[in-house]
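J.: Mind having a look at this structure? Questions to follow.
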Amino acid sequence: MGDSKHEGTGPPTPLQNNSGSAELEWTPQTILAMVSVSLLTILTIFGNVLVIIAVVKYKRLQIPSNYILVNLAVADVSVAVFAPLVFVVELLGYLVTNVYLCILPYCLVTLGCGVSLLSLGIVAYDRYAALVKPLKYYQHVTMRRVLCFSLVIWMFVFIIAFMPLCWQFLVESQTDDQPACSFYLLSKYLLLFQVLVIFVPAFLVMIGCYCRVMLVARHHSRAISAIQLSLFPNTFSKNLHMFKGTKYTRTLLIILGFFFLTWVTFTLMLLIERFCDICSRTIPLHHYSVFLIFANSALNPWIYAHRNQDFKSAFRRLFRCGKKSQRSSARGPEGRRNSRVSDALSRTNSMVGGLQHLHVLYNNADIVPPAVDAETGQLDSKTSFRAAPKLIQHNISKPVVETVAEEVSGNV
């Protein structure tokens, strides 16, 4: 990488074709890469657009936490649209001689990736607030705040992503061994700055929130299991180990594992290539890192939305919309109105049942749930505690926390 930079405020020096190539070489690797990028683009757009349509179409999904997922889906769609441009620039870079046209695709991809990454951090905090502070959750996480945060994220990342177009000193001068347009024109210090202000905060928020969520979820599961065992020993005796390998814990581990596999690997590959001259000459790591970004954007809707029961129901209704519309037209408006009333009645009955269960738990002051040994997971027959009302008031808040725990297991 050359040490000189573009200086001044005038137009930058036109790029030169140093590769000596006049046409694209159709190697098996090139064909495989083009096919892979095309398939990943289709998969990414399909999955994320499905999430957006479901939230816009069905009012039941129009809650603040789901609009965070919509913001994530919009960012991932932008990645799917702009990332192929980077791939084209890498293949046909010898044809691009304008510096601004060269670095524009990289700026657009940085915008989508940055918003997607920060949205993952917001999703992590949303799950943390829902489980750790359930009674204050709906006061703090409102639709207005979600929309404001989303707008701020887009504006912030836009400024960071398009800095090279405004300040020429962030663009490296072309060296003799580079094609006309390449990833190496962007300053390595700009890349380091973007990692520090976008990746590092999102990484710390995700790790902190999800680790805390797993600890609190484990505590709630043990408390709920102990009280249910005391009330209904025959029914819930098989759930003594529910805090081990619960659905939401497995989901959180999947999220963190996938994040490390894609984003952490992607960031390390870029930093190694830009700051290790020997590495960049041997293996062009940024060629392969594009596929990690595609994989992340393609699988985000399946990890965060498609595991949610409400989203699953909405997707099934979307795919059956043709048949359902025929039935609705046959029933007429009265039938559709009765169906909506039936759905609302079902949800109301479910809420009433949960409140009745809360009333039973709260008023039963003589509950003596047996303690559970933290190491073995077995009941401790020698010890017990008389803290059911306190647990219910301050820790479990049935049905709020149990409902939130189930929601977390499906949404994260």
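Just so you know, glycine gets a Cβ as well, placed from its N, Cα and C.
So TrEMBL has the following annotated:
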TRANSMEM  31-56  transmembrane segment
DOMAIN    47-304  domain 'G-protein coupled receptors family 1 profile'
TRANSMEM  68-97  transmembrane segment
TRANSMEM  103-125  transmembrane segment
TRANSMEM  146-170  transmembrane segment
TRANSMEM  190-215  transmembrane segment
TRANSMEM  252-272  transmembrane segment
REGION    324-343  region 'Disordered'
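Help me see these features in their spatial surroundings.
T.: Sequence-remote contacts of a segment are chain residues at least 6 beyond its ends whose Cβ falls under 8 Å from one of its Cβ atoms, and for the transmembrane segment (31-56) they are 62, 66-67, 69-70, 73-74, 76-77, 79-81, 83-84, 87, 287, 290-291, 294-295, 297-302, 305-306, 311, 314-315, 318.
Counting only same-chain residues 6+ beyond the ends of the transmembrane segment (103-125), those with a CB under 8 A from a CB of the stretch are 68-69, 71-72, 74-76, 78-79, 81-83, 85-86, 88-89, 149-150, 153-154, 156-158, 160-162, 164-165, 171, 183, 185-186, 194, 198-199, 201-203, 205-206, 209-210, 259, 263, 293, 296-297, 300, 304, 412.
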J.: Sequence-remote contacts (6 or more beyond its ends) of the transmembrane segment (252-272), Cβ cut-off under 8 Å?
T.: 117, 120, 191-192, 195, 199, 203, 206-207, 210, 213-214, 279, 285-286, 288-289, 292-293, 295-296, 299, 303-304, 412
